[in-house]
Amino acid sequence: MSTTRPSQSSNNSGRSRNSARIIAQTTVDAKLHATFEESGSSFDYSSSVRVSGSVDGDQQPRSNKVTTAYLNHIQRGKQIQPFGCLLALDEKTCKVVAYSENAPEMLTMVSHAVPSVGDHPALGIGTDIRTVFTAPSASALQKALGFAEVSLLNPILVHCKTSGKPFYAIIHRVTGSLIIDFEPVKPYEVPMTAAGALQSYKLAAKAITRLQSLASGSMERLCDTMVQEVFELTGYDRVMAYKFHEDDHGEVIAEIAKPGLEPYLGLHYPATDIPQAARFLFMKNKVRMIVDCNAKHVKVLQDEKLPFDLTLCGSTLRAPHSCHLQYMANMDSIASLVMAVVVNDSDEDGDSADAVLPQKKKRLWGLVVCHNTTPRFVPFPLRYACEFLAQVFAIHVNKEIELEYQILEKNILRTQTLLCDMLMRDAPLGIVSQSPNIMDLVKCDGAALFYRNKLWLLGATPTESQLREIALWMSEYHTDSTGLSTDSLSDAGFPGALSLSDTVCGMAAVRITSKDIVFWFRSHTAAEIRWGGAKHEPGDQDDGRKMHPRSSFKAFLEVVKARSVPWKDFEMDAIHSLQLILRNASKDTDIIDLNTKAINTRLNDLKIEGMQELEAVTSEMVRLIETATVPILAVDVDGTVNGWNIKIAELTGLPVGEAIGKHLLTLVEDSSTDIVKKMLNLALQGEEEKNVQFEIKTHGDQVESGPISLIVNACASKDLRENVVGVCFVAQDITAQKTVMDKFTRIEGDYKAIVQNPNQLIPPIFGTDEFGWCCEWNAAMIKLTGWKREEVMDKMLLGEVFGTQMSCCRLKNQEAFVNFGIVLNKAMTGLETEKVPFGFFSRKGKYVECLLSVSKKIDAEGLVTGVFCFLQLASPELQQALHIQRLSEQTALKRLKVLTYMKRQIRNPLAGIVFSSKMLEGTDLETEQKRIVNTSSQCQRQLSKILDDSDLDGIIDGYLDLEMAEFTLHEVLVTSLSQVMNRSNTKGIRIANDVAEHIARETLYGDSLRLQQVLADFLLISINSTPNGGQVVIAASLTKEQLGKSVHLVNLELSITHGGSGVPEAALNQMFGNNVLESEEGISLHISRKLLKLMNGDVRYLKEAGKSSFILSVELAAAHKLKG
């Protein structure tokens, strides 16, 4: 679907467009499915995809009915695959409420004979499941019934009472019942007995290790590695990685296949090939297996007394739909295994350490798909391993996406800077006449500038006459917008789109002025698509009616032949930024030719100045380092100690005077020399290592205590030219904790004396047995987390104790959960982990950051019986020292210098303007001229005062001093209105001043400049929120209250009423301090409200039908005279 939208973009608009696209695509999926069901064997795939792609508005009611029926069909299917059987239970009674037709035969019969009574229980509606399995199996199932997160227990190994056959019971909960899939354990399998996450890691350990060892920066390498590892792990004939594009169509981006199979790498297919409903199911059930697409499905029989239909969406056995089976058969794929790749939604905000904030929203990035030309069954443990591997893969995909965005943003910013530099020399023609040009800003095939009725063309663009038609069409049909973007000019309604289709079909355009426009163009998507599919033999011919990859590719090209690659939000943000730069450049050109080149050069070449301020910061840093309660030392580029604070002198017994001048390597233990040498060399190259452990020698009376163990962060010290001149080491003393861990290592068996010791030196320790159940939780963990020992013991450590949902200690996100699982599983296999960053939310919602070390636990025979986990917490002093280190970064200083420089440069021309106004005041002016000069003077005073606001925190916290003077409301109103008249005239908005004359002329006492600043801000925001041609009304009321004999307190209330839908909710939330200050409007509103608070006032915002109002209140004093 084409999207025509203003050239601004936001998270909310992105999400709403995404939702609208999904709804529309689901409607198309439903129609296509209905056509397939009606047509049967005569179904024509290619024509159906083309027809369903165009949704007629008149058919919408019918589409809704079709969609509802389709979704109900998807969710309420009543068939399963025959490789296993299914039971649905009433949780309260353990009785069967639904079963698959093959369940009695698989679970209760020794042979195909009719079941007998006694030892061979019959299975049907109302059967108690505990009578079907052996006592231990029945007990395990009984325990699962009361388990909150029942899926954490999967798979449960059970044995039939009748035959003794082993099955994996895979359980999930749906509304009203518990559904259990039973998959037979094959004779060649070693039955899985531990929790799925622990055992499955062993199967996928090699693949996970290889993924984690890959260098970042290449999505192609990551995907190629993933399909290679899955190919080796599962043994399928073909493994592919699918990626879903923004318009939901798919692409095969990586593939590995056995010789002789047709390659699908590079294949694109329409969005309808994988319907939205199927994608939703992949988000819920992340691994899906089809054993044999030709197998006959088995019906599920349900108790007729149940008041609802069971849904099998979460079942591992759920039967695929006939449409999908036919597609598989047509491409000679008999069996498949599909893994969902779920990543963070880029439209969402980042993670927060606040416990009350929701988790990041997820989206289906793509799929890892395995195909086989013969039936293939993959046991559940291996499928679980694949799911775990897919989660690790998704984490790395997420990182690659973030890295790609960072690189793109960096390139865009670099291009914007260069374009801005060109504008300083030649605005606006520099963006098309020099290099780089506007085509380098975003990916496009052509661009054009329409300026002062002349055209400049770059790359593939429409002709000049066609461009003039587009500009005329925009002026007629998009008058209210500052621009638009579309991936299809035809869908956007441009009459001449058909004549352009061979050249371009997507366009982004923004206005510099009402008549000047910048264009970017894209050709149709099909022009960029190449698929190196297998060549046809002479005489072969495709049957486009069949559902097949070749038909999909052909159908995709048909769908996108008049559509370009969509414009991404970050691309539109870059375009909009350039638009603002061009607008400002245009205004500057029309008003005055300032020497902007000199200013820009000065800004770009700006170095850190103001040595006094730098020296003050340095002195404060030195004082903090010397008095810090954590050990801190520093060395120069040669490794010679030039900093040695009181704490490290106390720990080592080496005074400051003796330490200074010694080489660092002579002060550390021999076993730590290589570690320190590597850390020092990396830091001198600018690579600052964190959480490195080494041991340092002791001296004097401290020698008998042995060496000091430190956890150290390196921080490179740099001069003004960014050259590394030394290294500072901020450390934490962990000698006591290391002593405990060493003692633990030496003790074999009797660990409880340490683990359960209440001594404060004992670090937080917890553990798990070999099956994944929490078996240790010491006093330090109770204090740290707020969870008692009895509340966590015998719960699943992964999922119940530490998890992302409904767990005791909530982890920040899915990535943290997966990484924690990897660390635990590595230790279970003998690979111990030391000091990895770890974090979780305590019972009270506080986020705890620490270092995690994991060691295996062994019995007398040397067998691994579980793992121990040790936490090391950073001391408050260390956290403070690191915080100070971050605050002293040179980036912050540079920004401060840039801001100081710009404010200084503004003051000089402002002083000239003030001087000119003063000169005018001394001349013989008429009354109206004097009024205009006075208004200008008030605006200049307001600007000067704002430039003095160097401490916004002071305003926000209420520490600003007000300048009190006599004034009239009339003066404030005139000055405030003058600041918004240009904007109101541009939009054709009438400003009605309904303030009564006696109120306007009342002499008041207060800070008039701050009042006019606030009033101008609220007027501007009201005008921006008012539709073109609307009206803004300002009114006032005034009440007096006598304080003593001579002073009157004035309560002034100003109302600004405007039409339209109102100020955006996000800006209002920022005004009241409910959200992080992000937008310019939000910051302005927030500061204005704080200024009102300083004047003992506040602001309210009222919404009514068709209009909204700001109500501003302030307290002032009244004088005794009226000004005429």
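Glycine residues also receive a Cβ, built from the backbone N, Cα and C atoms like all the rest.
Given the structure is predicted, the values throughout are model-derived calculations rather than measurements.
Record features, source Swiss-Prot:
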type: BINDING; residues: Cys323; note: phytochromobilin binding site
type: COMPBIAS; residues: 1-19; note: compositional bias 'Low complexity'
type: DOMAIN; residues: 218-401; note: domain 'GAF'
type: DOMAIN; residues: 617-687; note: domain 'PAS 1'
type: DOMAIN; residues: 750-821; note: domain 'PAS 2'
type: DOMAIN; residues: 901-1120; note: domain 'Histidine kinase'
type: REGION; residues: 1-21; note: region 'Disordered'
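Neighbours of Cys323 (phytochromobilin binding site), defined as other CB atoms within 10 A of its CB across all chains, total 16. Counting residues per DSSP class in helix, strand and coil order gives 23 helix, 16 strand, 33 coil for the domain 'PAS 2' (750-821). The domain 'GAF' (218-401) scores a mean pLDDT of 85 in the predicted structure.
With DSSP classes pooled into helix, strand and coil, the tally for the domain 'PAS 1' (617-687) is 40 helix, 12 strand, 19 coil.
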